[in-house]
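Feature annotations, courtesy of TrEMBL:
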type     : residues               : note
ACT_SITE : 67                     : active site, proton acceptor
BINDING  : 68, 71, 73, 75, 77, 88 : Ca(2+) 1 binding site
BINDING  : 166                    : substrate binding site
BINDING  : 196                    : heme b binding site
BINDING  : 197, 248, 251, 256     : Ca(2+) 2 binding site
DISULFID : 36-118                 : disulfide bond
DISULFID : 69-74                  : disulfide bond
DISULFID : 124-324                : disulfide bond
DISULFID : 203-235                : disulfide bond
DOMAIN   : 26-328                 : domain 'Plant heme peroxidase family profile'
SIGNAL   : 1-22                   : signal peptide
């Protein structure tokens, strides 16, 4: 009986893997070669304009892509609005998504649709994937080929975000479990965490590490003490909840491997950052990325390419939204 269960489970798993591979195989770099051959230059131009107006464009767009893919897959469902505030972006874990990310996609969508040949041919999900690549490159990170062919989802619910995104307090097991559920390895997880080389976090997301870590230690002992004192200055008790500080205290406007160097110095802002160095199972990868920017860049490209395949709708699934904020 147990053997039969194992065989059935094996078959089911095999079918799931086959289905996932089939989904991924429909994504390809030249997907719009005939329908909108200049889609990449149209998106890039719009993103460059937005980036020149505010640097927040980079971390905001990158974070938007991650939050989209981890909830219902990379289907642009995070962009949808709900009249009763019940969409993904209304969940507490998504409310802090900066408006500049949404605006970047809207501007790029308008640029693509301004070309008669491309109008209503390119999905919002693909535009977000392209814009993410472009902001990473504009911030000094790698430029990489983007697989295309995603369709836009029609469903976006606040409930679907619950327990779907990494929390700042996560330990390595929790991080690995969540990323593995999307087919991402520990190395992928560590490389994608390097996106914290850009962007900012609100004080409330890490205040427990500098004020109330435990009964014996008010400050998290894995946190660099001098850095903790600086954080207390920037985030005093009862600070305005809108106040945010840089995730990377050294080079916050450069997509580089300083994030990993910071971890070695006890300057990971979240516990989910610092644990990558304090846990011996992941420390080796952190040390590699800290000393070899090229290794980090390659690992990041591999990881974000895999991330872009998560739950992608293809073929006749979903739709091509005319307005990224609402279904057709």
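Positions of Cβ are set from backbone N, Cα and C atoms, glycine also.
Not measured: the values here are computed from a predicted model.
Per-residue pLDDT, averaged across the domain 'Plant heme peroxidase family profile' (26-328), gives 96. Burial estimate for the recorded positions (36, 71, 124, 324): highest at 124, by number of other CB atoms within 10 Å. Same-chain neighbours of the Ca(2+) 2 site beyond 197, 248, 251, 256, judged by a C-beta within 8 angstroms of the site's C-beta center, are, in sequence order, 198, 250, 252, 253, 254, 255, 257, 258, 259. In this structure, the C-alpha atom of the residue listed as 'substrate binding site' lies 17 angstrom from that of residue 203 (disulfide bond).
For the recorded positions 67, 124, 196, 197, 203, 248, a Cα-Cα cutoff of 10 angstroms around residue 73 (Ca(2+) 1 binding site) retains 67. The CA atom of residue 197 (Ca(2+) 2 binding site) is located 23 Å away from the CA atom of residue 71 (Ca(2+) 1 binding site). Taking the mean position of the Cβ atoms of 68, 71, 73, 75, 77, 88 as the Ca(2+) 1 site, the remaining same-chain residues with a Cβ inside 8 Å of that point are 67, 69, 70, 72, 74, 76, 78, 153, 156, 160, 311. Looking only at the binding-site residues 77, 248, 256, the one with its C-alpha closest to residue 69 (disulfide bond) is 77.
The C-beta environment of residue 235 (disulfide bond), restricted to residues of the same chain at least 6 apart in sequence and closer than 8 Å, consists of 203, 207, 210, 243, 245. Reported as a whole number, the C-alpha separation between residue 68 (Ca(2+) 1 binding site) and residue 118 (disulfide bond) equals 24 Å. Ranking the binding-site residues 68, 248, 256 by the number of CB atoms within 10 A of their own CB puts 68 at the top. Around the Cβ of residue 118 (disulfide bond), a 10 Å sphere holds 18 further Cβ atoms from the protein chains shown.
With respect to their backbone Cα atoms, residue 77 (Ca(2+) 1 binding site) and residue 324 (disulfide bond) stand 9 Å from each other.
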